[in-house]
Amino acid sequence: MITKLPQVLSPIQVASIIQLIEHGSFNSGKDTAGWHAKAVKNNLQWQGETELNEQIQTGIQGALTQHPQFTGAAYAKSMMPFIISESTLGGGYGDHIDDALMVNETVLRTDISCTLFLTPPQDYEGGELVMNLSGMEMAFKLNAGDAIIYPSTTLHRVNPVTSGSRKVALTWIESHIPQASQREILFDLDCARKDIMEHHGKTDAFDRITKTHANLLRQWAMT
């Protein structure tokens, strides 16, 4: 399931993050790529002082985890620290798959990948996030402050930037619900019950769907 998350960050929050980023520097991003992806990774990665990084991490992670659609789609168990990535002229990231396991304080299984856009789409050309879905490609270029989450099993790339500069924040999530198909079922049930509540109130149908949602979550969740 691919889910767009609108306005994770407000324009003021985006401007604040960009201002913090300006106090650090960008270096080659190849060091964080898996061995099979180094050859196609051509972007830059932000580095800054610990205090700056903590402010960025706190601001972005807090906004993402409080977003109502993220909560219902991800069932996040743990999350990698955000990486701030920049692609300038000619920069991008060829077709690759994200590493299945990543290490922070512990080993994290990557179930969900997340890209949070920090640059308005009109400020750069190219730079689309392109996903290969069983041979069909879908391209995404969202507004600054918007995010997209998708299964980490997805083959994807970032097209080369042909003008301007593209900045994004990236993270990977281990979910309490490892299977994407099960997360989608839970998400659909959650949306359906919220729609019933909004238009009809707490009906018998709402209670039955809520019961089913809770019991499936109980059956599938890994704690």
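Cβ atoms here come from the backbone N, Cα and C positions, even for glycine.
Database features, via Swiss-Prot:
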BINDING   HIS96, ASP98, HIS156  Fe cation binding site
BINDING   ARG166  2-oxoglutarate binding site
DOMAIN    77-175  domain 'Fe2OG dioxygenase'
Binding-site residues: HIS96, HIS156, ARG166 - member with fewest neighbouring CB atoms within 10 Å: HIS96
Neighbouring C-beta atoms (10 Å sphere around the C-beta of ASP98 (Fe cation binding site)): 19
Those binding-site residues, out of HIS96, ASP98, HIS156, that come within 10 angstroms of ARG166 (2-oxoglutarate binding site) at the Cα: none
DSSP-assigned states of the domain 'Fe2OG dioxygenase' (77-175) in counts, ordered helix, strand, coil: 3 helix, 62 strand, 34 coil
